[in-house]
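Structure record follows, encoded as C-alpha cells.
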Amino acid sequence: MAPETSSPSWRLSFPHVVVATITSFLFGYHIGVVNEPLESISVDLGFSGNALAEGLVVSTCLGGAFVGSLLSGWIADGVGRRRAFQLCALPMIIGASMSASTKNLAGMLLGRLFVGTGMGLGPPVASLYVTEVSPAFVRGTYGSLIQIATCLGLIGALFIGIPVKEIAGWWRICFWMSTIPAAILFVAVIFCAESPHWLYKKGRTEEAETAFEKLLGASHVKYAMAELSKSDRGGDSDTVKMSELLYGRHFRVVFIGSTLFALQQLSGINAVFYFSSTVFKSAGVPSTLANVFIGIANLTGSVIAMVLMDKLGRRVLLLWSFFGMAISMALQVTAASSYISGSGALYLSVGGMLMFVFTFALGAGPVPGLLLPEIFPSRIRAKAMAVCMSVHWAINFFVGLLFLQLLEQLGRQLLYSIFTTFCLVAVMFVKRNVVETKGKSLQEIEIALLPQD
C-alpha cells in the first residue's frame, strides 16, 4: 500500500479531462452564439421586431437544456460516461446544422431545442467525469477547467460573431463553426478512459483497474481500488428512486446542491450576461468591447479560482465570492439611485458589473459544479447531479424570460437590491451547510457525510 504517500502524476489524467471540458466549451459557445447575431437572424428569417420570437430563440435552448440535464443522470449511469458524451455531441451537431441551414423561425427553434438537449446533458456528465477521473490533489484545479472552458466558449462565440453586421448571412457560419468541436468531442471520447467509479459500480472490476492504470499509473492502481471498495458498491445501484433523493436519507445533500445552484442563478449572474451590453451602451461603450471586458473579467476570475481551488479550498472561495458579488450588486444599486448622477453613476455601474462577473468566476461559478459530485455518494452521484442541474436550468430559464419585464416594472434599483439580498442569503447558506472537500478522496468525503443509519 506504499504508493499512496506520493501523489500520482497529473499528466496521465490531464488529456482525459481536457476532452471532457469540450462539452463546457460548447456550452459557453451556444450561450453566446445568438448574442450578437440575433438582429440579423431575425431580419433574415422574418421575425424582426417580434420580441417573443427573439426571446424564444434564447429560451428554447434553455428548455432543451432542462430536459437534457434531467435525463443526464440516467443516461450517464445507464450507458457510461463516455457514451453519454457522445450522446451530448450528437444533438449539438444535428441542432447546429439545422439552425445554420434553416429558412424559417420553426427550423431555428427546432435546432436550438436539439442543441439545448446536448447543452443540458454535457455539463453534469463533464462534472461527474472530471471528479471521478482526477487524482484528489488536483481535483479542484481540474474542476475549474470546466469553468475556464465555458469562458473560452463564450469568448469564442463573441469573436466569431464580430463580422455579423458586415457580412450577410454570417450568423449561419457561427452555427456551422460549433459543429467542429462537437465532432472532435464525439471522436476523442473513444480514446478516453471510462470512469473507474462507473465500471466498479457495474461490477466490471478488471476494466476499472485498467482505467485507473491509464489515469493514475500502474503503481497507484491497488490503492485506488482499495479506496473504491470502501464506498457504497452497486448491486442496488440502479434502483436509486427519485423519492430517495427528494425525501430519503440523501435529501440533505441533494437539498444543499439544488439550493447552491438556485442561489447561483438568483444572484443575477445570467441576467448580467444577457443584459450587459445594454448597461454598457448607456455608458457609451460599444457592445463588442463590453463583451470583451466581461469575457476578460470572467476568464481572469476563473484562472485565479483554478490556482486557489486546491490551496484555499472550495468553501472559502464560495463565501468570499458570494460576498464580493453582494458588494458589486450593492454598487450597482447605488449607481441606480438618485444620489449619484452623471459620470459617477456610469463608472459605478460598469465597475460594479465587471467586479460582479469577476467575483462570480472566483467561486460561485466554478465551485458548485465541482463540489456537488464530491459530496454526493457514488451510488446517487449521477442522478443527484441531474436533479440539481435541472433546478439550475429551470431557474435560468425563468430569469432569462422575466428579467426584462421585472426590470421595467420594478426598476433597476429594486431589482438589483433583490439580487444583492440573494447573494447575502447565499453567504449565510454556505457558512451553515457547506463542508470543505479539498484534498480528500471521494470515499473519505462520502464516509464523512453519510447519515448514520
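Each Cβ is built from the backbone N, Cα and C atoms, and glycine gets one as well.
Note that TrEMBL annotation is computational and uncurated.
Summarising the annotation, TrEMBL assigns domain 'Major facilitator superfamily (MFS) profile' to 16-438. Look at TrEMBL and you will find 12-31, 51-72, 108-130, 142-164, 170-193, 288-309, 316-340, 346-372, 384-407, 413-430 tagged as transmembrane segment.
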Which residues of the same chain, at least 6 past either end of the transmembrane segment (384-407), have a Cβ under 8 Å from a Cβ in it?
55, 58-59, 62-63, 65-66, 69-74, 76, 120, 123-124, 127-128, 245-246, 250, 253-254, 257-258, 260-262, 264-266, 268, 270-271, 274-275, 368, 372-373, 376, 415
Any chance the transmembrane segment (108-130) and the transmembrane segment (346-372) are in contact, meaning at least three CB pairs closer than 8 A with a sequence separation of 6+?
yes
Please compute the mean pLDDT of the model over the domain 'Major facilitator superfamily (MFS) profile' (16-438).
89
Let me spell it out: take the transmembrane segment (142-164), skip the flanking residues so only those 6+ beyond its ends count, and list any with a Cβ under 8 Å from a Cβ in it.
13-14, 17-18, 20-22, 24-33, 35-37, 40, 123, 126-127, 130-131, 134, 170-171, 173-174, 177, 288, 291-292, 295, 298-299, 302-303, 305-306, 309, 361, 365-367, 369-370
Quick one: do the transmembrane segment (346-372) and the transmembrane segment (51-72) reach 3+ CB pairs under 8 Å, ignoring pairs fewer than 6 apart in sequence?
no
